Amino acid sequence: MGGTPHTTTGSATASATAVLRPHLSLVPEAPAPFEEPLPPEATDQWQDRALCAQTDPEAFFPEKGGSTREAKKICMGCEVRHECLEYALAHDERFGIWGGLSERERRRLKRGII
C-alpha cells in the first residue's frame, strides 16, 4: 500500500458527534444582526401628542395641597394617557400628574392597592 497518506476532511470527533448527536451542529448559527437602540426622540414621540404639551404645565405640578382636578380631567381625554403612565412608572417619576395619576396614586398602583 504505498502512495498517498490518509487525509480526512474532518476530525473523528466531529464525525462521531454528527452520528451520536445529530441535533448538535458544529457550525455556529449566525448571530442576530446588530440592532442599534432607538434614539430617545423616537421612543418619546408620544409626548408630542400629549394634551398636556398644549396646556399650562403648572396644572400638572401643583403646589403641595393644590388641586389636581384640572390636570386629571385633561389626562382622561388624552390619547397617550397609557404611554404616559407607563413612562412614569418605569422612570419612577415622583412629582406631578402622569397618565392621570398623582405620585401617591402611582405608588399605590405599584403596590397593587389600586
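Note: Cβ is positioned from N, Cα and C throughout, glycine not excepted.
Taken straight from TrEMBL:
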BINDING   CYS52, CYS75, CYS78, CYS84  [4Fe-4S] cluster binding site
COMPBIAS  1-18  compositional bias 'Low complexity'
COMPBIAS  30-40  compositional bias 'Pro residues'
DOMAIN    51-108  domain '4Fe-4S Wbl-type'
REGION    1-41  region 'Disordered'
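Annotated features, which come from TrEMBL, shown on the structure.
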{"residue": "CYS52", "record": "[4Fe-4S] cluster binding site", "Cβ within 10 Å": "20"}
{"residue": "CYS75", "record": "[4Fe-4S] cluster binding site", "Cβ within 10 Å": "22"}
{"residue": "CYS78", "record": "[4Fe-4S] cluster binding site", "Cβ within 10 Å": "18"}
{"residue": "CYS84", "record": "[4Fe-4S] cluster binding site", "Cβ within 10 Å": "23"}
Checklist entry - Taking DSSP states H, G and I as helix and E and B as strand, how many residues of the domain '4Fe-4S Wbl-type' (51-108) are helix, strand and coil? => result 31 helix, 2 strand, 25 coil
